[in-house]
Each structure stands twice: as C-alpha cells, then as structure tokens.
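For 49-265, the entry in Swiss-Prot reads domain 'Radical SAM core'. Taken from Swiss-Prot, the feature [4Fe-4S] cluster binding site applies to 64, 68, 71, supported by sequence analysis. What Swiss-Prot lists as [2Fe-2S] cluster binding site is 108, 140, 200, 269.
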C-alpha cells in the first residue's frame, strides 16, 4: 500500500469556465469530446488515475416528515419501501466492516428525517469515533438539518464529511419541497464548514429544472468551497412526487464536465442513476469524475462491487482505498472476463 491519502477540506482552485460557457456546454453548442478532454485534464491534474468508491449505509429508512418530491421516503409517499428506525451501533459497525472489506474508500451513513436530535447525534458520534479509530476509515454522514453545536460534536468524534445536497437552485427549490427551504440547506452547510468538517453537497439532475438551474448550483457549490460533489441523475420510482425524467447519456456527461470545470479540485462523484442514465458512457464519465457509488443507493439497486471494479480496470484506473492504492492492482489480466460465469456459451461443449 502507498501512504495514506491526504485530502483537502475546502475547494480552492479557480473555475476554468464562466457561467455563460457552462450554459453553452449544456446546450450542446460545444462538441462533447473537446469538453471531456478539458474536464479530464483537470480531473487527472488533481486526482491522477485514482477512483474513490463510496458505499452508502441507509441507517434509518422512512418515517420522514419532509415532503421532498424526489424521495421515496417522503411524507405521504406510497412507495412501499421498508421503513425502520435508526440502526443500532452494532448493526452500523458490521455494515462499516463489510464496506471496508469490499474496498470502500469512504463509508457514507444516511438517515431520513428533518435532522438528528441531540441524543441521536451523541449515538452517531460514538459510532463514528469507533469506525474512525478501529477501522481507520473515512466517514461521511447525511442526517439532515444541523446546527453548530451538533456539527462540533460530530467533528470532535472524527467525522470526515457532512453531506447535505442543494439538489437544485434556490429559484427552483420551492417546487420540489415545501417543508424546508434552500436557505435551511445553506445554513446547515455553513454550520458544518464552521466546524471544519469537509462539505459534501451536490445536485439531482432531471427534475424539470432549466439549464441555468444546473449552472447556478455548480457555482453556488464553488462559492461554498464544497470539496465533494455527488452528481445524481433522477430516477423516477413509485412514491416520488416527480415522475418524469428526460436525460440522455451524452447530456449526463456534459453535466459532469460542467461540475468538474467549475470545481476543478473537488471530488466529483457519479451518483444515483449512473447505471441507467449513463449506460454505455459510464466509462467516459470516469474520465471526468473521480468517484462513484457501489452496491446501490438508498432505495434503488446499483452496480455491485465486482462490476464497479471491472469498470475502473477497463478505464486503466485504480481504486483508492483509505490506506492508498492496493499493491498488484496494475497487474491487469483480462482472462477472468472470459471465464465460464461471464461467457457460458463458450463452455457449453466443455467436457
């Protein structure tokens, strides 16, 4: 293994493009390949050929008082999801160990609800401290609205990142949620930043927004100094208030490129919808983004770890673990692709 990776906590590199240029890219006024080439140049400048794999742990599902139109756990939603209260520290610990064994760079705990109580924060802090101390694993928490006191408690426990997505622009926000505001989200991010927790915040593309909304989010995240940006592509499933999504793989790559060019030194993560919306352009996306999720999302299945590792190998890239890059990864051998499991027709006459 190489030495432990040292991460920045605040994005500091200036944007490569202006708002007007970002709009031109999204409108398709600039050919795709030159855009990807420029975005890829920045990706490799700051992250080399490394890819960070994140695994989500949905530690509380449902029972949410918020009415976010993009969420299957929303108040009044009829998604049929399995609802459960906050997992025990023992359950979360076992999930973290499994994520570590599977090669996750960061363990992301997600809980439903408006925000955690003081008691819940204390329990989460205890769990974070154990994962950090005994597994040496980086931890990200997404638990809703947070104030300064709770943020400090989590920071003192060793929390590496706090996730609170902007999801869309301020002008669009009241169309997707009425139980809290865009300002509430900004206040939470500012509280986490004040506590010196690295910020993780991104967008959900495909909820009926205009191109200018996407650009506004990209530059708002830059203003906040967000160092980790998940770019999600909306998946309309039962229970969502929003049911339409018209995205193409080519457009999704353009979106990822815009976020990279606006936030050159931020971790750009291909989030939910990677498999369905990017399709055969998933490999191209990795030349722009340097991070992705494996083993699924909150209430939607995704690529398993083996598929994700194969994608990384095919791009001649390497997975970045908490301790660094595993030895021997460069010894790429494609013969495993042609085993009986993947190509049974080649073996059907085998004696």
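Including glycine, each Cβ sits where the backbone N, Cα and C put it.
The secondary structure of residue 200 ([2Fe-2S] cluster binding site), as reduced to three states from DSSP, is extended strand. Residue pair residue 71 ([4Fe-4S] cluster binding site) / residue 108 ([2Fe-2S] cluster binding site) shows a Cα separation of 18 Å. Ranked by CA distance from residue 68 ([4Fe-4S] cluster binding site), the binding-site residues 140, 200, 269 have 200 at the top as the closest.
Working note on the binding-site residues 64, 71, 108, 200: by count of other C-beta atoms within 10 Å of each C-beta, 200 ranks first. Sequence-distant contacts of residue 269 ([2Fe-2S] cluster binding site), defined by Cβ-Cβ distance under 8 angstroms and a gap of at least six in the same chain, are 52, 54, 202, 228, 229, 230, 231, 289, 290, 291, 292, 293. The Cβ of residue 140 ([2Fe-2S] cluster binding site) lies under 8 Å from the Cβ of 54, 106, 107, 108, 109, 159, 160, 161, 162, 163, 200, 228, each of these being in the same chain and 6 or more residues away along the sequence. Classification of residue 68 ([4Fe-4S] cluster binding site) by DSSP places it in coil, neither helical nor stranded. For the [2Fe-2S] cluster site, the Cβ centre of 108, 140, 200, 269 serves as reference, and the other residues of the chain with Cβ at most 8 Å from it are 54, 106, 142, 161, 163, 228, 230.
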